[in-house]
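Here is the structure we will look at.
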Amino acid sequence: MTIISLPGSSGYLDASNNRKVSYFSNPYVLGLTFVAGIGGLLFGYDTGVISGALLYIKDDFPEVNQSSFLQETIVSMALVGAMIGAAAGGWINDYFGRKKATLSADVVFLLGAVVMAAAPDPYILILGRLLVGLGVGVTSVTAPVYIAEASPSEIRGGLVSTNVLMITGGQFLSYLVNLAFTEIPGTWRWMLGVAGVPAAIQFVLMLFLPESPRWLYMKKDKSEAATVLAKIYDPYRLEEEIDQLATALEEERLRKQAVSYLDVFRKKEIRLAFFAGAGLQAFQQFTGINTVMYYSPTIVQMAGFKSNQLALLLSLIVALMNAMGTVVGIYLIDHFGRKKLALTSLSGVIVSLILLAVAFILQSSTSGNVGAYGWIAVIGLALYIAFFAPGMGPVPWTVNSEIYPESYRGMCGGMSATVNWISNLIVAQSFLSLAEAVGTGVTFLILAGIAVMAFVFVAVFVPETKGLSFEEMEKIWKEKAWGNGSGKEPLLESRS
């Protein structure tokens, strides 16, 4: 079967059957995508809501108001939980399946939301934050993999990017919720507790959705997998997909080895794939995106805008741009390609960070008035989001959902998501301290330098995966590891 991209269109054409495959062509797949993407909404909402809730938590608990350590712990405990959840999530996905992993994450998240809303003291609140983080960590691994394994390869990038849209949409929603509950008694309890509603909705909807067809075929029930695949693919394509799964399953049986975490580092082709995937996740954070999202009000005030209301309004605009940029990315990722999109995105990020750095360096020489430099900083912030959101926002998650062999997909996806969360925590904990030590302008120059390194990394180590089947991608890594012969590794699989 030959797939042809239609220039200027939103879909792809199967040359032998004249059938157009587009983002909206299969309502069933789109439904699976959006239900799984509720996990992304939880992910984004939790990362955004705590900044507003913390203001009111300090009012209710004097010990929190008096302790920077408690404030940092309340914020960062969700990240700690997410790291643990992501690390465990890979194993949960591979052993129990994508559906059960999602259901378990919803239960833990809902429990965490209830604990936070009812917390009688800051220490119970911290426990709730840990539980919510565990749920977020598991779903950050599960949602992209579930969507990828239920998606036709021609539109897989756009569908997986929908999960990123849900993340950015969740962040935007958190800003709106923060504003909505400011005048209601129990302000922060409503802000944190309402997160349990989408978790409950996803739990109920997931009960009616199938397990990932690839997981079913490889681990459990081939006939059930075929039933699910028949809802995703037309008859002309179904046979080909089942043949590819049968071949992949046979290769798994021939290996006659239990999958272990050490294989990720011992087997050269897996190691190369993980290096590319984990590197993308690390650079997504170290180029500063969550610094911008967490601290956008602070950055706006650093630029000279001292009004809290104006800073919050501009931050809301930043969050909206992030969500809108992701919508653009959903279209571009399957038309422009993952690698080209990431490189273009990073080019704009570098320019934007340099613009921010120059604005802050020049602004520091003024007497605190906003002036032109303050506006340049805000423009730089907007440009940063405009370039980052369509590219480096969705590309790392999309690539990590598709580059690993079936038996390692959950494991490697979990490990790379853990890298993302660890990098997220490092950046979030160090940005303000670094800005205080060397200046905000120099800090943005450092981030620009990291973005240059990211550009080189993507250019050298990340292959283009647009439109490729999982089996074709597995062959790419084998050829990179062992040369361009048959694509097969030497007899000693653990050789490095």
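Just so you know, glycine gets a Cβ as well, placed from its N, Cα and C.
Nobody curates TrEMBL annotations by hand; they come from automatic prediction.
Bear in mind that the values here come from a model prediction, so they are computed numbers and not experimental data.
Taken straight from TrEMBL:
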{"type": "TRANSMEM", "residues": "28-57", "note": "transmembrane segment"}
{"type": "DOMAIN", "residues": "32-466", "note": "domain 'Major facilitator superfamily (MFS) profile'"}
{"type": "TRANSMEM", "residues": "69-91", "note": "transmembrane segment"}
{"type": "TRANSMEM", "residues": "103-120", "note": "transmembrane segment"}
{"type": "TRANSMEM", "residues": "126-147", "note": "transmembrane segment"}
{"type": "TRANSMEM", "residues": "159-181", "note": "transmembrane segment"}
{"type": "TRANSMEM", "residues": "187-209", "note": "transmembrane segment"}
{"type": "TRANSMEM", "residues": "310-333", "note": "transmembrane segment"}
{"type": "TRANSMEM", "residues": "345-364", "note": "transmembrane segment"}
{"type": "TRANSMEM", "residues": "370-389", "note": "transmembrane segment"}
{"type": "TRANSMEM", "residues": "438-462", "note": "transmembrane segment"}
Run the contact check on the transmembrane segment (187-209) against the transmembrane segment (103-120): 3 or more C-beta pairs under 8 Å, excluding pairs closer than 6 in sequence.
yes
Remote residues contacting the transmembrane segment (126-147) - C-beta distance under 8 A, at least 6 residues beyond either end:
32-33, 36-37, 39-40, 42-43, 46, 50, 73-74, 77-90, 92-93, 98-99, 101-102, 104-117, 119, 159-160, 162-163, 192, 195, 199, 212, 397-398, 400-401, 409-410, 413-414, 417-418, 420-421
For the domain 'Major facilitator superfamily (MFS) profile' (32-466), what is the mean per-residue pLDDT, to the nearest integer?
86
